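The following features are taken from Swiss-Prot:
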BINDING   D9, H11, H43  divalent metal cation binding site
BINDING   9-11, 35-36, 57-59, 62-66, 101-107, 133-136, F140, R143  4-CDP-2-C-methyl-D-erythritol 2-phosphate binding site
SITE      H35  site 'Transition state stabilizer'
SITE      T134  site 'Transition state stabilizer'
Amino acid sequence: MFRIGQGFDVHEFAEGRPLIIGGVTIPHEKGLIGHSDADVLLHTIADACLGAIAAGDIGKHFPDTDPAFKDADSAVLLQKVWEFVREQGYELGNLDCTIIAQKPKMAPHIESMRKRISELLETSIDNINVKATTTEKLGFTGREEGIASQAVVLLQKK
């Protein structure tokens, strides 16, 4: 049996925070605002995985009203989600992600992101795709106010 999940997330830029995307710290003058470390890509992947097994979203499992998740490492949150997915009897088929950002350029960091995500999801890097695009200076990402991401995951019964 196969299950498909889709995830989407957005975070706003702010001064004085690190920029962490896909589990990788990226040099930039601003980071993203969030209750956790605001890793927009890992949040998107978690939502896609949870959606594939009809288990809600990241906010249901790690609410931003719970102080236990304040400044949480999104890699740890994704590991917990992945453990839950595996407990339901699923493994990863493949994952395809898109980061939507005007700046900074993501290309130099894509392979590091793929490697980190493959580690977190206990799979071959060949099952992980990460790409980036801009909105040609349109909308909030084009105005460099934040970053968005999308992901689609295919899970299969073990």
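Each Cβ is built from the backbone N, Cα and C atoms, and glycine gets one as well.
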Calculate the distance in Å between the alpha carbons (Cα) of F62 (4-CDP-2-C-methyl-D-erythritol 2-phosphate binding site) and H35 (site 'Transition state stabilizer'), and round it to a whole number. 10
Between T133 (4-CDP-2-C-methyl-D-erythritol 2-phosphate binding site) and D9 (divalent metal cation binding site), find the distance joining the two CA atoms and give it rounded to the nearest Å. 15
In the same chain, outside D9, H11, H43, whose C-beta lies within 8 angstroms of the Cβ mean position for the divalent metal cation site? V10, L32, G34, A38, D39, V40, L41, T44, A148, S149
If I take the alpha carbons of H43 (divalent metal cation binding site) and P104 (4-CDP-2-C-methyl-D-erythritol 2-phosphate binding site), what is the distance between them in whole Å? 19
Show me the subset of D9, H11, H35, T134 whose Cα is within 10 Å of D66 (4-CDP-2-C-methyl-D-erythritol 2-phosphate binding site); these are the recorded positions I mean. H35
Quick tally, other C-beta within 10 angstroms, D9, D66; top of the binding-site residues is D9
Students should find that the Cα atoms of D9 (divalent metal cation binding site) and S36 (4-CDP-2-C-methyl-D-erythritol 2-phosphate binding site) sit apart, in Å rounded to an integer, by 13
Sparsest Cβ environment (other Cβ within 10 Å) among recorded positions H11, H35, H43 belongs to H35
Cβ atoms other than its own within 10 Å of the Cβ of P104 (4-CDP-2-C-methyl-D-erythritol 2-phosphate binding site), all chains, total 18
Entry from the binding-site residues list F62, F140 having the most other CB atoms no farther than 10 A: F62
The recorded positions listed are H11, H35, T134; by CA-CA distance, the one closest to P104 (4-CDP-2-C-methyl-D-erythritol 2-phosphate binding site) is T134
